[in-house]
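What follows is a single structure, written as structure tokens, with notes after it.
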Amino acid sequence: MQPPRAPFLPPPTPPLLLLLLLLAAPASAQPARAGRSAPGAAGCPERCDPARCAPPPGSCEGGRVRDACGCCEVCGAPEGAECGLQEGPCGEGLQCVVPFGVPASATVRRRAQSGLCVCASNEPVCGSDAKTYTNLCQLRAASRRSERLHQPPVIVLQRGACGQGQEDPNSLRHKYNFIADVVEKIAPAVVHIELFRKLPFSKREVPVASGSGFIVSEDGLIVTNAHVVTNKHRVKVELKNGATYEAKIKDVDEKADIALIKIDHQGKLPVLLLGRSSELRPGEFVVAIGSPFSLQNTVTTGIVSTTQRGGKELGLRNSDMDYIQTDAIINYGNSGGPLVNLDGEVIGINTLKVTAGISFAIPSDKIKKFLTESHDRQAKGKAITKKKYIGIRMMSLTPSKAKELKDRHRDFPDVLSGAYIIEVIPDTPAEAGGLKENDVIISINGQSVVSANDVSDVIKKESTLNMVVRRGNEDIMITVIPEEIDP
């Protein structure tokens, strides 16, 4: 009896052959490369040869798409037509959906179950032919019909119906456009102020300057900067809707640079409320709105750089007020306009620009104090005294401020103190006398000028100002006659 045979085992695979098999396996598992038909499509050629494709008809209602093999261009089925393995693919922008709204899967296609071509987009669109289409696919179909008739193609102008805005609460611009929300809220209460002056030997008036302000009472009280309205004879206010009114000056605080004017308006006006500037924090977003260069309702944004920039730091020796510093752009004409927080509350009055990115606003807490005191004065019937002005905006010059300006402007005068002229308002005594921007007033009537307050004090007392100003590296003698006006 023979012993049982051992089971047959194939000879061991040589190491070299095993290595070749391992290297070949991933290559065979890779998807078909470009030029190869989709491996899952039944009846597709091994390689796609576009030269062997039959040319599609000249006009395709559903547009031209690739066939199931991804090789040849064919006419896609239009919206609402049947689709599937037997019927062919859907047209451009359409998807094949079986009953109950389920997209046709590979399993459904293998079972040869038909579906319907449905547009992947279901929102209306407005076309360049001023027509509203139910969806993008219908617009594309209309565009193809136009091209067949040798007409211009129809393109998409906007989402949504023609003539209507697109409100998508889930869009990023709808969620995060908080600045626009603030502007929309405050703009109706911001006014444009224009200042007029009579020409000599003529009754004709001409506009000579402009500024901004904001309404604080429904009956027409408006807050602005004192320097905006105390230097001209007639003040005109223009509302956002274009209506214009003559304004009367009710009260002025020159030291704080705040003024209160009033217009007579029938009906109630929109107003802005004052916020608490004491609660303001560095880094908060702020919005400045006004009429720079007479461009009404111009909006700039920025952050609060500091909430307490002391007047003495700005060279205002006798100032007891802390200013709000912001990098929001404030230009000529923005003066008097509101600086608001994201709640739409006024936290300051735009008042001063030193240079790009460094601007200052009077805090709203100071405005509240002014309005309260003004109410008391008017309730007691105290008369407002006449005001003198020469028509300049100035700031006190300190050694640190002079160094900063010297670094920015090489031709800045070589001085360490005085009153630095930021702006000379047209058609004023200052302009008539020859003062210019960037001049530094160093003496008046033989008395040295150390700060802007020295100039203000002399203007109140003297009827003639014999000034010495430093312009570049020259000292120039200038005579200015202050003008007295009724507030």
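Yeah, the Cβs are placed from backbone N, Cα and C, and that goes for glycine too.
The disulfide entry in Swiss-Prot for CYS117 points, among CYS72, CYS75, CYS90, CYS162, to CYS90.
Partner cysteine of CYS48, as given in Swiss-Prot, is CYS71 (from among CYS53, CYS60, CYS69, CYS71, disulfide bond). In the disulfide annotation of Swiss-Prot, CYS75 is paired with CYS60 out of the candidates CYS44, CYS53, CYS60, CYS96. A gap of 12 Å separates the Cα atoms of CYS126 (disulfide bond) and CYS137 (disulfide bond).
Close to CYS53 (disulfide bond) in the fold, though at least 6 residues off in sequence, lie CYS71, CYS72, GLU73, each with a CB less than 8 Å from its CB. Under a cutoff of 8 A between CB atoms, and with a sequence separation of 6+ in the same chain, the neighbours of PHE285 (site 'Involved in trimer stabilization') are PHE178, ILE179, THR301, GLY302, ILE303, ASN341, LEU342. For the disulfide-bonded residues CYS48, CYS83, CYS96, a Cα-Cα cutoff of 10 angstroms around CYS117 (disulfide bond) retains CYS83, CYS96. Each residue contributes its Cα atom, and for CYS44 (disulfide bond) and CYS83 (disulfide bond) those atoms are 19 Å apart. Comparing the Cα of CYS75 (disulfide bond) with the Cα of every entry in CYS83, CYS90, CYS119, CYS162, these being the disulfide-bonded residues, the smallest distance points to CYS90. Of all the recorded positions listed here (CYS48, CYS60, TYR176), CYS60 has the Cα closest to the Cα of CYS90 (disulfide bond).
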